[in-house]
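As recorded in Swiss-Prot:
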- Gly12, Thr13, Gly93, Ser94, Gly95, Asn165: GTP binding site (BINDING)
- Asp187: site 'GTP hydrolysis' (SITE)
- Asp190: site 'GTP hydrolysis' (SITE)
Amino acid sequence: MPVKVCLIFAGGTGMNVATKLVDLGEAVHCFDTCDKNVVDVHRSVNVTLTKGTRGAGGNRKVILPLVRPQIPALMDTIPEADFYIVCYSLGGGSGSVLGPLITGQLADRKASFVSFVVGAMESTDNLGNDIDTMKTLEAIAVNKHLPIVVNYVPNTQGRSYESINDEIAEKIRKVVLLVNQNHGRLDVHDVANWVRFTDKHNYLIPQVCELHIETTRKDAENVPEAISQLSLYLDPSKEVAFGTPIYRKVGIMKVDDLDVTDDQIHFVINSVGVVEIMKTITDSKLEMTRQQSKFTQRNPIIDADDNVDEDGMVV
């Protein structure tokens, strides 16, 4: 029998978020290219490091050929599950490669999954990785004929990394609640059809899509052009249909479920949200590049008449 849910964390960001969810124990699987992000609390979860790597240094091109051949072995450590949650940074070097490669393998398994991704906004280098990783996910969606559903959290400047990790962990717990198979009127196939909506509606073009997680009907209604919608209610009398989704299902949470913290939660998937994500990333990179173009290029301090030998020594 497959387990209900498996959580996969890749790269430094994934490893950090995993520290907030170690209480989930055996359900948590962490992957990285070096041991520098491994801390004591990771001992209670599954951690696998790639062989022959010492980190990526933010360079996706360098790490890709080193880890790609190892993906089948990594996947062998991941159990069969009814639902998978993947978490990584778009802008790093390790997670932005491991995450999409694992995602592609999950698609081949015909698995149901969503990803939580962090947009790294710290530098033009990170932003370039953000763009390339999003394009990678779009290519995977097309190649695998499956929507790749992501919840995107931008790492905006001035915000602490810890607060971002907390936000992602809280959202992940809501998805874990969604797929715990403890809700009335909601079965495993309802969840699968929600996230893999092109299986049933194959006229829709598989693309990267955005997952919105809202705890009020008003906020859920404000998600534009909702494609697929799944709602949980604690009180069934509060259920009200809204929007114009192609797919909609409802689950009724149980009062005695200790994981329930909200009286309603809405999980809404759309495609147009990705347009705004890409615009934000691209505009941020252009603005940062514009500011960098103003940097002063100083004159060299070596004079033409300096005696410089073949080792660069000035004597």
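Using the three backbone atoms N, Cα and C, a Cβ is placed for every residue, glycine included.
Sequence features annotated in Swiss-Prot and their locations in the structure.
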residue	record	CB count, 10 Å
Gly12	GTP binding site	22
Thr13	GTP binding site	30
Gly93	GTP binding site	24
Ser94	GTP binding site	30
Gly95	GTP binding site	33
Asn165	GTP binding site	20
Asp187	site 'GTP hydrolysis'	12
Asp190	site 'GTP hydrolysis'	15
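Of the recorded residues, Asp187 (site 'GTP hydrolysis') and Asn165 (GTP binding site) place their C-alpha atoms 30 Å from one another. A coil conformation is recorded for Asp187 (site 'GTP hydrolysis') in the three-state DSSP classification, outside any helix or strand.
If you compare every pair of Cα atoms in Gly12, Thr13, Gly93, Ser94, Gly95, Asn165, the residues listed for GTP, the longest distance is 18 angstrom.
Cα spacing between Gly93 (GTP binding site) and Asp190 (site 'GTP hydrolysis'): 35 Å, rounded to the nearest whole number. Gly95 (GTP binding site) falls within a helix when secondary structure is assigned with DSSP.
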